[in-house]
Amino acid sequence: MWIPSKLTRPGRLHNAIVRPRVLDLLQHATCYKLVLFRSPAGYGKTTMAAQWLADKPNLGWYSIDDSDNDPFRFMNYLLQAINKATHNACPNAQKLAEKRQFSSLHSLFSEVFAEMADYHGECYVVLDDYHLIHDETIHEAMRFFLKHMPDNLTLVVTSRSTPPLGTANLRVRDLMIEIGNELLAFDTEETTRFFNQRVSDGIDALTANHLRDYVEGWPSAMQLIALQAQHQHRTLAQTIESVSHFNHAHLWDYLVEEVFDLLDDETRYFLMQCSVLDHFDDALVSSLTGRDDALAMIESLNRFGLFISPLEGETNWYRFHNLFAEFLAHQRQARIPQQEQDLQRAAAKAWLEAAAPHQALRHAHLAQDTELLASILSQYGWKMFNQGELEVLEAAINQLSPPQLYREPKLCMLQAWLAQSQHRYNDVGALLAKAAKEMKALNVELSTKEQGEFNALRAQVAINQNEPEKALELAELALSQLDHTTYRSRIVATSVVGEVNHVLGHLSRALSMMQQTEKLARQYQVYHQALWALLQQSEILLAQGYVQAAYEVQDNAFKLIEEQQLHQVPLHEFLLRIRAQILWCWNRLDEAEQAAYKGLSVLENHSQSKHLHCYSMLARIAIGRGELDKAGRFIEQIQHLLKQSTYHVDWTANASLSLLLYWQVKENSTEIRQWLQSSTRPDKACNHFSQLQWRNIARAQIQLGELSEARHTLDFIQEQAQEYQLVTDTNRNLIVEALLAITEGDDLQACHKLKQALRLTNQTGMIGNFLIDGSKIGHLLEKLVHKGELGDLERHRAHLLLKEISTTQRSRSIHFDEEFVEKLVNHPNIPELVRTSPLTQREWQVLGLIYSGFSNEQIAHELDVAGTTIKTHIRNLYQKLNIANRKEAVQTAEQLLQLMGY
């Protein structure tokens, strides 16, 4: 439950004096990124900000308390404030935050900025009491927010200390207005107006100056002095004498003597009871105190001026002034310490009645009542889990004693799921093992249903640890133990059964189970699991050779992401990755590249280790285009990641394919040999990733001349592919078999394998796999076409392949990489002008791209540099080669290519 009062600015400012000297400094605040009100407690930061912004229509206010250090909670309140300031300009970002469907705070802010691009009104967002935030993740996110937020937004922060928001940098760049305690402190003129407004006898200049100097302009102290004068019917001069020894350290004593002791016992007790609550309405107070007249009491205190502020726009919601709240807490602990635990328990129960278990947990913790904590977690834990309150839940569970945790299987399960949902896969198994041991020691007997829930999660752990047989056994056992009401565990167990069958090569059963998983997940609105099931279905269909069907399932997955705002979850990258793989196979390289880059964007703030798949695809695309310089940079990234982390064979096999293709083009046999010697060799090849790994091994063996070993490898994987009906891998294997036959000098066998591959390609649409070795198989494709040995569809496909091979070869010559340029400049017939005015490597690349028909903008994008830089390169190469225009540049490039035999 979100507390509405946290999103409302303070009301009732009619007693505050107008402060033109401060307001004048804020006249041009819209020209600054940040307005910071920074001072110790009691200097009127919030009041000053509220007064300044009172007539600003586009305003969002967020009152922070110490429970807001949870990034999920903080972001939800902040986005609600932003939407209030911008008239709901960021609805999608709000939905992402509420559903916790963002990969990082940066990516969520990026969505905010994208949505705010269409909002042009001047607006303000206030973060009140930011000093209560100590979470570094939030600080870092807010620094990013300040750096990139739109110019029409001004952030206003009130804080007792300097917030770690990069204020030094903002100050140097003149992008911040800072209102410190020296400005917030009253001067003599303001002190005079302040007391004249509150004290019937007024104040003379000498007394005002004396008062101002004594309390150093501290508004709260002045308020206390005015209260003393009012209640004791003293003049201000007499009041000054009574507080001659007043200072910050003695504030509590002063408040006791001059304010608190003036109240009747009933009011004092009521205030101490209410002070347990940070925010409250009459219903909460009534539940806490048992009083039926709670609202009347609160309104009476408000009229009396006892630091209770009604919250603007919310009926009967209040909060104490921070300073007074601290004082009341001090009094409560000094005067009624024996009631502290009971009050905190009562506050917890009051918040539960208000459907706010998050607040209830905090008070149960303050009550040191772990039994109450356990009860709240047992009753509300899964609901909070589904709402994304993961950190709050984990902190509460960690406060429980072992008996409290392990006597309740539901809490053990919740603890393990918290680790699983936060991708701490290595912790989950340990937590489950410890839970089993502790429950046995406590003689806790699990019901059949509870056993099923534990086994479902154990099955997920087993599949994460690449133990498919164990995972299948546990998942099937779980399904036999679970009833239909435990939908989450049934969905997980069903998914694991499908995933295991996929890994073991039982594709038809795997597909059926994943379709069932999707249906259940959609029915119970577990959309992450539905998305996972769709991704698995796509991979299964692809393995079965139904590539178009796999593509269409991916379309459904993209639709689900749109509908449920799942754009920033890591599974979105998985979808983009497998979409890129299909597009690469169809030789739609531009689209594949876009998908891979978008995948990197989704994972922007995740561990770099997760980027391996995308870099593997980008390297493969660059190699296919002949952009070996670019490919080399991706290869370096891949090699770095492989050294830093341990990966599943699915990841390493894809990365290895890119490495081998790069080394093959670079004729680097040393690297290929080293890879082959250390390569993983799966026991079976019953799924797409073990097939790919063995196919990589065969490719390396062919490249190194180990042809008999390659034959043995290919025989093995083809036998496995046919046994498990891996149609797409059969298609790919045939192409490598043709490559082996060519290397052995057996063109007849190579043609036979190519014909089979072309026939299967009618179903799969595979083109990219042929183009990998286009230079070696091209002449045989021509022979097959000319001999008339192909059917109409196969012949059409062969013509397309020959055209693409020709284009690819041309592309590789057009992209002037280092190797090509070195051969060119050393050619005996190179024009003297080229020899005497050598181009830089980048200028050669630009010339090649001009020849390819790229515009300046496209060249800049291709080389990842600014457009102005490209113009400089073009000007330089024109001067060096005595070229007048683009047409002459194309002619010059063509002449050089012809010189090299292209």
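Here the Cβ of each residue, glycine as well, is placed from N, Cα and C on the backbone.
Residues 856-875 are the range that Swiss-Prot records as DNA-binding region, among 436-455, 776-795, 856-875. Under DSSP, Thr46 (ATP binding site) is assigned to a helix (H, G or I) in the three-state scheme. Other C-beta atoms found within 10 angstroms of the C-beta of Gly44 (ATP binding site) number 25, with every protein chain shown included.
Just so you know, the Cβ of Thr46 (ATP binding site) picks up 20 other Cβ atoms within 10 Å once every protein chain is counted. Other C-beta atoms found within 10 angstroms of the C-beta of Ser39 (ATP binding site) number 22, with every protein chain shown included. The average pLDDT computed over the DNA-binding region (856-875) stands at 81. Fewest other C-beta atoms within 10 Å: among the binding-site residues Ala41, Gly42, that description fits Ala41. A simple way to gauge crowding: the CB of Lys45 (ATP binding site) has 26 other CB atoms within 10 angstroms, across all the protein chains here.
Proximity of Tyr43 (ATP binding site) to non-local residues of its own chain (separation of 6 or more, Cβ distance below 8 Å) is seen for Asn181, Leu184, Ala185, Trp218, Pro219, Ser220, given in sequence order.
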